[in-house]
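Read through the structure below, which is laid out as C-alpha cells, and then see the notes.
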Amino acid sequence: MDQTGGSSVARHFGVWDYVVFGVMLLVSALIGIFSAFSGGRQRTAEEFLVGDRKMSIIPVAMSITVSYISAVSVIGTPAEIYIYGTMFTWVLVTYVLANILLCRLFLPIYFRIRIISVYKYLELRFNRELRRCVTLIFSVQTVLYMGIVMYAPALTLNAVTGFSLWACVLSTGVVCIFYTTVGGIKAVLWTDTLQAVVIMIGIIAFIIKGTMEVGGLEKVWEITKEGNRVHFREISADPRVLYSVWSMLVGYTSWNLATGAGQVVVQRMLTCGSLKKATHAIILATITKVFVIFICIFSGVVMYAYYVNCDPLTHGVVTNKDQIMPLMVMELFAEMPGLPGLFLSAVVSASLSTLSSGINSLAAVAAEDGVKAMWPNMRPQTYVKITKMLALGYGILAIGFAFLASVLGQGILQLVLSIDGVFTGCTMGVFILGIFMHRCNYKGAIAGLVCSILFNIWLKVGAILYPSTRGQYPLSVEGCESFNSTNSMYTDATTDASMYTDATADPGYSLVTPTAMGVDPPHRPPITNLYAISFLYYTPIGALVCVTVGMIVSRITGFTDPDSVDARLKYNITDAVFCCLPESLKKWIRCGVEKINYQDDVDDGDKVIVVQQSPNELRDVYSKISLQDINANSHAAEPPVETKETHQ
C-alpha cells in the first residue's frame with residue numbers, strides 16, 4: 001500500500017482523546033481509593049503486601065500477565081517485527097515452557113515455607129548477608145527497569161501530542177504512585193486487570209483499522225511475505241544472531257523463568273493462598289500473555305504492510321523505530337475522535353501495570369528484608385505506615401531513573417532486556433544453587449553471584465563500547481510523497497526529545513540483507529565477537545557462570561552435607577522434571593543420590609501443614625536462625641500450624 005508517511009493530518013490529541021485518556025487515569029486512581037477503604041483498610045502487612053492471601057484467580061492472573069508486558073512490549077515488539085521480521089514469534093513458546101518449569105521447580109518451595117519476600121529463602125538456605133546482597137541487586141534492577149518503562153510511554157506521548165517528555169513521565173508516575181501507595185496489592189491487582197483490558201482493546205483496534213486500510217488480512221500477509229518479513233526457521237547456532245530459534249528458546253525461556261520466579265510475579269501468586277490456586281492463575285496468565293504478545297507481534301506485521309512503500313524511519317519522518325507505531329495510530333484514527341486516546345491509554349496502561357507491580361514488590365522486599373530485620377518488634381500499624389512510605393519513595397526514585405533512559409543507547413525492547421538480563425540470570429543462579437545444588441555452601445553462592453555479575457557487566461560494557469553492526473531487512477521509500485510541511489509539524493512535536501532520539505536509535509539503518517545479521521566487520525578486534533552476543537543470552541550466561549563458580553568454590557571450601565539442608569528448602573531436579581517416570585528409572589537418573597522425602601504445603605481450610613524431618617535425619621544448621629523463628633516475626637496473624645514428621 002502506498003503511504004506518504006506524512007499525511008496532512010495534524011498529529012495532536014483532540015478533546016475526546018484527552019477525555020478517554022483522563023478517564024483511564026481517573027478510574028485507576030479510584031480503584032486505589034476503593035481498595036484503601038475496603039476489607040481491613042490496609043492496616044496489616046499481610047493485607048497491604050499479599051491481600052491477606054485471599055485474592056481470586058482472575059485478578060492475579062491478569063496482574064501476572066501485564067506485570068512484564070509494559071509499554072516496552074506494546075510499542076517495542078511491533079517495532080522489532082517491523083525491522084527484523086517474525087522470528088520474535090518464538091517468544092510465545094518460551095512463555096509456555098518457562099511457566100511449566102516455574103510451576104514444577106520454584107512454586108512448591110515458596111509455598112512450602114510461606115514467605116512474602118522470596119529472598120527470605122536465601123537466608124534460610126545460606127545466610128542473611130547473601131539475602132541482603134541479592135535484595136540490593138533486585139532493588140537496583142527493578143528501579144532501572146521501572147525507569148525505562150516509564151520513559152517508553154512518555155516517548156510515545158511526546159511524539160503524538162507534543163507534551164514535554166518529562167511532563168509525561170510525571171503525569172503517569174504520580175497516578176501510579178498514588179493508587180499503589182494507598183491501595184496496596186489489592187489496588188495493584190485490580191488496576192492491572194483494568195489495564196489488561198485497555199491494552200487488548202487498544203491493540204485490537206489498531207490491528208482492525210490497519211488491516212482495513214491495507215486491504216484485508218490476506219493482503220497484509222501477502223505484502224509481509226513479499227517483503228521477506230515472514231520467517232520462523234532461523235536455526236543458526238551463531239550466538240551473535242539477534243533472533244534465532246536457539247537464542248529465543250534458550251535465552252528468552254531463561255529470562256521468563258527468572259522473572260517468573262522473582263519477587264514481582266511470586267508475590268502475586270502468594271496472594272492466592274494455596275499452591276493449587278496459584279498454579280491455576282499461572283495457567284490463565286500464560287494463555288492471556290500469549291494472546292497479548294501475539295497481537296503485539298501481529299500489529300508489527302500490519303505496521304510493515306501499511307508502510308511497505310514509505311518507511312517513515314528511512315524517510316526521516318521519525319527518528320526512532322519506537323515512534324513508528326504511534327505515528328501510524330495518529331494517521332489511522334485522525335478522523336475518529338477518542339481512538340488515539342484509547343491507544344495511548346493502552347500504552348500508558350502497560351507502563352502503569354509494570355510500574356505499580358515494581359513499586360509494590362520493592363516496598364515488600366525493603367520492609368521484609370530491611371525494616372523487619374532491624375526492628376522485629378515494631379508495632380503492626382507503624383510497620384504498615386513505613387511500608388507505604390517505602391512505596392512512595394521507590395515511586396519517586398523510579399521517576400528519577402526514567403531520566404537515565406534518555407541517555408542509554410539502544411532500541412527500547414533490547415535496552416530493557418539486556419540491562420535486566422545482566423542481573424536476572426545472576427540472581428536466578430543463586431536460587432538454582434540453593435534449591436537444586438544441595439552441596440553448595442554460602443561461600444560458593446556469594447562467589448558465584450559476584451563473578452556472574454562482573455562477567456555480565458563486562459559483556460554489557462563491551463557491547464556499549466563496540467556496538468554490533470547488526471543488519472536489518474530492506475525498507476523502501478519509493479512511495480513517499482513530499483511532506484515538508486507535515487514533517488516540520490512532527491518535528492515540532494518532538495523538539496523536546498531531540499536529546500534522546502539519536503541516543504536510542506540503533507547504530508545504523510542501512511538497507512542490508514538479513515544474511516549480514518549478527519556479523520561484525522572484519523576490521524573489528526576479535527574480542528568484539530564476544531560482545532556481539534545477542535542480549536537474549538545474558539540471562540542463561542549469568543546463571544551458568546553463577547552455578548559453575550558456586551560449585552567450584554564450594555568444592556574448594558568444603559561441600560555442605562546435603563542431609564543438613566532442611567528438606568523444605570531443596571528440591572531434587574529428577575523428581576521435579578521426571579515426576580511421571582517409574583521410581584526405578586528415576587533412581588537410575590539420580591546417579592546414586594538418595595530420594596528426598598518432603599511434602600508440599602497442603603491447603604486445609606485455615607491450616608498450614610508444615611512438614612519437618614525427624615531429628616535423626618536432620619542436623620540443625622540454623623543454630624541462630626530457624627524457619628519458625630523468622631516466620632514468628634511476622635506482624636500479621638498467622639493461621640495455626642500443624643507439624644508432621646516424615647521418616648526415610
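Here the Cβ of each residue, glycine as well, is placed from N, Cα and C on the backbone.
Fair warning: this is a prediction, and the values are worked out from it, not measured in the lab.
Quick look at what TrEMBL annotates:
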| type | residues | note |
| --- | --- | --- |
| TRANSMEM | 15-37 | transmembrane segment |
| TRANSMEM | 57-75 | transmembrane segment |
| TRANSMEM | 81-111 | transmembrane segment |
| TRANSMEM | 132-151 | transmembrane segment |
| TRANSMEM | 163-182 | transmembrane segment |
| TRANSMEM | 189-208 | transmembrane segment |
| TRANSMEM | 243-266 | transmembrane segment |
| TRANSMEM | 278-307 | transmembrane segment |
| TRANSMEM | 342-368 | transmembrane segment |
| TRANSMEM | 389-409 | transmembrane segment |
| TRANSMEM | 415-437 | transmembrane segment |
| TRANSMEM | 530-553 | transmembrane segment |
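Nonlocal intrachain contacts for the transmembrane segment (189-208), taken as residues 6+ away from its ends with a CB within less than 8 angstroms of a stretch CB, comprise 24, 27-28, 31-32, 35, 51, 55, 58-60, 62-63, 65-67, 69, 74, 179, 183, 268, 271, 288, 291-292, 295-296, 298-299, 302, 325, 328-329, 332, 339, 342-343, 345-347, 349-350, 352-353, 356-357. Of the candidate ranges 15-37, 81-111, 132-151, 278-307, 342-368, 81-111 contributes the most Cβ pairs within a distance under 8 Å of the transmembrane segment (243-266).
Contact between the transmembrane segment (57-75) and the transmembrane segment (163-182) is absent: fewer than three CB pairs lie under 8 Å, with pairs separated by 6 or more positions in sequence. Between the transmembrane segment (278-307) and the transmembrane segment (132-151), fewer than three CB pairs separated by 6 or more residues in sequence fall under 8 Å, so the two stretches do not touch. Packing against the transmembrane segment (342-368) from elsewhere in the chain are residues 13, 17, 20-21, 24-25, 28, 45, 49, 63, 66-75, 116-117, 119-120, 135, 138-139, 142-143, 145-146, 149-150, 152-153, 156-157, 160-161, 172-173, 175-177, 179-181, 184-185, 187-188, 191-192, 194-196, 198-203, 205-206, 263-264, 267-268, 326, 329, 333, 383, 386-388, 390-391, 394-395, 398: each is 6 or more residues past its ends and has a CB under 8 Å from a CB in it. Most Cβ pairs under 8 A with the transmembrane segment (15-37) among the ranges 81-111, 132-151, 163-182, 530-553 are made by 163-182. Within the chain, the transmembrane segment (81-111) has long-range Cβ neighbours (under 8 A, six or more residues past its boundaries) at 118, 121, 224, 228-232, 234, 242-245, 248-249, 252-254, 256-257, 260-261, 266, 269-270, 274-275, 278-279, 282-283, 285-286, 289-290, 293-294, 297, 300-301, 303-304, 307, 321, 324, 431, 435-436, 472-473, 506, 514, 517, 568-569, 571, 573, 576-577, 579, 600-601.
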